[in-house]
């Protein structure tokens, strides 16, 4: 049900455009009142907000309204307004004092109509609220029933799934039990075959044992014979080895003595030759050192004789030793033989014999 549209009062033929604008402002205030909560009571008629606008005649003269309590209780809405607002309020109050009585009847009619519409709207709102509450309760009940039904369906589904799973498990257990039974039967048959095989094997092993015992008895007799033969052979072999050992010892001593004699003779020859070469080398070194020492000593004697000589003539009379150059190419043995021909002692002759010896023996 749609809300009832407010009834707009017809304008008086003598009302101007300014009066119409005032009426529009009053209608906007009434529309604001419709948007208010219906439980809230309407403001009283003496409220300054519900005062009718100032009406004028067609010639511009204001109408004088009847005196009312609202005009006496009118006061400014704010104490901070300027002088312009106060003068405008004062002119409006004077205009309301001169308002005609026709505006009161229009306003009263409008207020009565608005109050009737408000009552209808409140009644309609109450009915709608009751119906909404009823429908809400029904919806809640239906939702609760749907929830319960859904829970029951879910429970039934879970039970069905559990039953199906239990049936599946039972089928699996049955199949597993059948397979286990078949496996046990196969194991039983296998065990029976194995038992028969073991029995046959035991009989065969018993026969083999008897044969082995007989063979062992024969082997023991044969082993005793072989042991006696082995002992005889070992005694013979021990005697032969002892003879070989004694012969080896005797021949070892003979070979050792022969080897010692041969090694001694060979070592004597090798040592003699090596000693000859070593002695020759050592003698050469010793002779060279001795010749150098004699040369230094002879040079000192010549220097002393030169210092003691009185004049150069006396030095010329001194016997001079002139070495023979042919001796430089000879060996030591030849130099030793040629020493008496040098006209001096052995010390002088050794000086000139050394370079030739170095040339041949080096």
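Each Cβ is built from the backbone N, Cα and C atoms, and glycine gets one as well.
TrEMBL annotations:
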REGION    1-107  region 'Disordered'
COMPBIAS  1-12  compositional bias 'Pro residues'
COMPBIAS  58-72  compositional bias 'Basic residues'
COMPBIAS  73-84  compositional bias 'Low complexity'
COMPBIAS  86-101  compositional bias 'Basic and acidic residues'
COILED    125-152  coiled coil
REGION    164-191  region 'Disordered'
COMPBIAS  166-183  compositional bias 'Basic and acidic residues'
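For the coiled coil (125-152), the model's pLDDT averages out at 91. Residues in the compositional bias 'Basic and acidic residues' (166-183) partition by DSSP class (helix H, G, I; strand E, B; coil) as 18 helix, 0 strand, 0 coil.
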